[in-house]
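K.L.:
I'd like to ask some things about the structure below.
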Amino acid sequence: MWNQIQKSIGKLPCPEADSLHRQSIQVETETVHGEKLALQCMGCDACVENKGCMCDHSTQDLKSVVNEADVEDHTEANSSFAHSVINMIGMLIGLGQLSAPYALENGGWASALLLVGIGVICAYTSLLLGKCLEKSPRSRSYADIGQHAFGSRGRVLASTFIDVEIFMTLVSYTISLHDNLITVFAGTQLRLPLWTKLSTSQLLTMIGVLIALPSLWLIDLSSISFLSFGGILMSIIIFTSVAYIAIFHVVKVNHCIPVLHLRKIPAISGLYIFCYAGHIVFPNLYKSMKDPSKFTKVSIVSFASVIALYTSLAFTGAKLFGPEVSSQITLSMPRHLIITKIALWATVITPMTKYALMFAPFSVQIEHSLPDSFSSRTKTIIRGAVGSFLLLIILAIALSVPYFEHVLSLTGSLVSFSISIVFPCASYIKISSAQLSKLSLILNATLLAFGLLLGVAGTISSSKSIFTSLKRDHSA
């Protein structure tokens, strides 16, 4: 494995560029179903949630740091078909796993058609990204496609959406940390003399975030790669624990799922789209393949597997717990079971492992935007201070708006629809406009409008839910 990693890193003749490239690489770890190539480029836009980055960056990605003419790209594309399928499945499994049963119960069993439909559309738009890369061989990342389609504004827009998704996903992780800590330490009472207004759950969350805070100060960013295993472990434990409860009839209630709650569709559509939000790393996966012509098959197999996983988990959770199902399935599981305690701890630990991983792109951007006259120690201090400040902002937002389902829905509606449906369709139409048939143009324009409609409707619905919850809690 290590030999494969070393070959994929490549060599740069410029010492500074070589140092940057090595600092940009994460180590390979294991996925939910096997190997997951987590060679995540810390400087790329793909380091988000549990979705690993298949970084295979050309000199184009380093042009802000070194002169492109002085760099030679020796990176090898060596991912097999099976390896690529495993990677894509690993990218698509994340926080959506927690909320799928809640979304199905609230939307009704007929909303499973939307869950499957959005999955199929996202599979199709992943193919559009591959076609965009075929049209522009020099493009290697999601932001590169944006630039090829719409110029510098397209790159800025794509990067902005990615940064916002990273930020909002971290807020969702922190809310998840808050909710699960309450359950893990049920009955515990904490009070600080200086902050008497803070509840026990808020203090526990602050302690958890402060424990994770030093990881943002690590000098060698590649040393945090081992943390990515936390998210993978969570996915394994959650699915295994729900399956265990269903198979061994630990919960014997067999609830009837309502047919359809039409008014809740906009909100749950944000939860559904978040399940498939892995598009920002698909260009990197495409470029890493030995045979990119098999990318279509990779997408079909991967999305079919993930759609089946999410749909089965959603129905199982909704049938087991019915209207009482929590927005995070771990909070609905019988608390006396050992497997539930393990699942809860895994869900608590995972957010704490995510902060350094997901802040990595910002860290590299900050460090390499500083003047060369600054010493490495000064750069580390500035990078750590900025990261710590942002993490404290995220903590404050999470404690102020502790509504996991609404924040996750807002993230999906506001950002994921754009990243996974709207932007790929718009880019493909722009790049391939001369070759598009009328039928293809109508199809992609329709999907673009569909993504915009659900994105806007979901954003409005989830925003209203957040404000209503805030108003209710303030009154209470």
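Heads up, the Cβ atoms here are built off N, Cα and C, so glycines get one too.
TrEMBL: automatically predicted annotations, no manual curation.
Dumping what TrEMBL says about this protein:
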DOMAIN    78-461  domain 'Amino acid transporter transmembrane'
TRANSMEM  85-104  transmembrane segment
TRANSMEM  110-130  transmembrane segment
TRANSMEM  156-178  transmembrane segment
TRANSMEM  198-219  transmembrane segment
TRANSMEM  226-247  transmembrane segment
TRANSMEM  267-286  transmembrane segment
TRANSMEM  298-318  transmembrane segment
TRANSMEM  338-360  transmembrane segment
TRANSMEM  381-401  transmembrane segment
TRANSMEM  407-429  transmembrane segment
TRANSMEM  441-460  transmembrane segment
K.L.:
Any contact between the transmembrane segment (110-130) and the transmembrane segment (267-286)? By contact I mean 3+ C-beta pairs closer than 8 Å, pairs at least 6 apart along the chain.
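P.N.:
Output yes: the transmembrane segment (110-130) sits against the transmembrane segment (267-286).
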K.L.:
For the transmembrane segment (407-429), what are the same-chain contacts with Cβ under 8 Å, counting residues 6+ beyond its ends?
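P.N.:
Distant Cβ neighbours of the transmembrane segment (407-429) are 95, 99, 121-122, 125-126, 128-129, 131-132, 142, 145-146, 148-150, 154, 157-158, 161-162, 164-165, 168-169, 171-172, 175, 266-274, 276-280, 327, 401, 436, 441, 444-445, 447-448, 450-452, 454-459, 461-463, 465-466.
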K.L.:
Under 8 Å between C-beta atoms and at least six residues away from its ends: which parts of the chain pack against the transmembrane segment (156-178)?
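P.N.:
Counting only partners 6 or more residues beyond its ends, the transmembrane segment (156-178) has Cβ contacts under 8 Å with 45-49, 95, 98, 142-143, 145-147, 150, 201-202, 204-205, 208-209, 277, 280, 328, 347-348, 350-352, 354-355, 358, 361-362, 390-391, 394-395, 397-399, 401-404, 407-408, 410-411, 414-416, 418-419, 423.
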